[in-house]
Amino acid sequence: MTHWPSPAKLNLFLYITGQRADGYHTLQTLFQFLDYGDTLHIEPRRDGEIHLLTPVNGVENEDNLIVRAARLLMKIASESGRLPAGSGADISIEKRLPMGGGLGGGSSNAATVLVALNHLWQCGLSIDELATLGLTLGADVPVFVRGHAAFAEGVGEILTPVNPPEKWYLVAHPGVSIPTPVIFKDPQLPRNTPKRSIDTLLKCEFSNDCEVIARKRFREVDAALSWLLEYAPSRLTGTGACVFAEFDTESCARQVLEQAPEWLNAFVAKGVNLSPLHRELL
């Protein structure tokens, strides 16, 4: 049995710069990983079967991104003659990241499966090839595949590696799940934030265009942010529902965590520019 990190991410900022004819929104965002997340346990099989041993409530196994990623890699590697005969896997997950939380849990799971099975099956696909596969599963999957903090543009697929400060974060989940379409379909969502260079953006105060909508539509998010803002700069990650506050030291973050209200599910983690998944491969 092998064990593989599936880390969370934060959007340190997120700006919506437009909307394409196909309905997808264009954006500029800054991804950084956390040293916290799910863990995937993978045991290779020799009969070509993919088994997910820990089903997710409300999600059929064949619809789960873990299974979809495994089957996609199997298909592409087989078609290109790079899949050893009988390659399969038993996969289980220790789930720590909430669904609909804006921490990238499902995308991270898919990326970990692609990277881990490519290694375990010895398929030999490059990171570029894996990232291309990942994009067909979700816009956030490539950044997890590539494994480095990044400035993202387009619909999130154009990635430029960056090295923002690795701060400590208190991340709080207010107990609601926010489906991404709920935010992106809101008529009041800002959709015309001017594009700026990464150098300019890094010098500005960070914010998230989705935050005003999430706070308006979900009182739990509004309450969580109102509480966090009493202690430190805080904002929404992704389309929510998780919010985070940044600190210079772990001790400062933990002092605030000790005061968290009971209705908040919160944890402290360090921002890291190299994904824990890729540290595992070094």
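The count begins at 1 with the first shown residue.
Cβ atoms are placed via backbone N, Cα and C, with glycine included.
Per Swiss-Prot, the features are:
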{"type": "ACT_SITE", "residues": "Lys9", "note": "active site"}
{"type": "BINDING", "residues": "Pro98, Met99, Gly100, Gly101, Gly102, Leu103, Gly104, Gly105, Gly106, Ser107, Ser108", "note": "ATP binding site"}
{"type": "ACT_SITE", "residues": "Asp140", "note": "active site"}
Under 8 Å by Cβ from Gly100 (ATP binding site), counting only residues of that chain that are 6 or more apart: Val176, Ser177, Ile178, Pro179, Gly240, Ala241
Neighbour tally for Gly102 (ATP binding site), based on other Cβ positions within 10 Å of its Cβ: 31
Other CB atoms within 10 A, centred on Asp140 (active site): 24
10 Å Cα neighbourhood of Asp140 (active site): matching binding-site residues from Pro98, Gly104, Gly106, Ser108: Gly104, Gly106, Ser108
Sorted by sequence, non-Pro98, Met99, Gly100, Gly101, Gly102, Leu103, Gly104, Gly105, Gly106, Ser107, Ser108 residues with Cβ within 8 Å of centre, ATP: Ala8, Leu97, Gly238
Cα-Cα distance linking Gly102 (ATP binding site) and Lys9 (active site), given in Å to the nearest integer: 8
Cβ-Cβ distance under 8 Å to Gly106 (ATP binding site), same chain, at least six residues away: Leu65, Met99, Gly138
C-beta crowding around Pro98 (ATP binding site), within 10 angstroms: 18
DSSP three-state assignment for Lys9 (active site): strand
Cβ neighbours within the same chain of Gly104 (ATP binding site) - under 8 Å, at least six residues apart: Ala8, Lys9, Leu97, Asp140, Phe144, Gly238
CB contacts for Ser108 (ATP binding site) [other CB atoms within 10 A, all chains]: 28
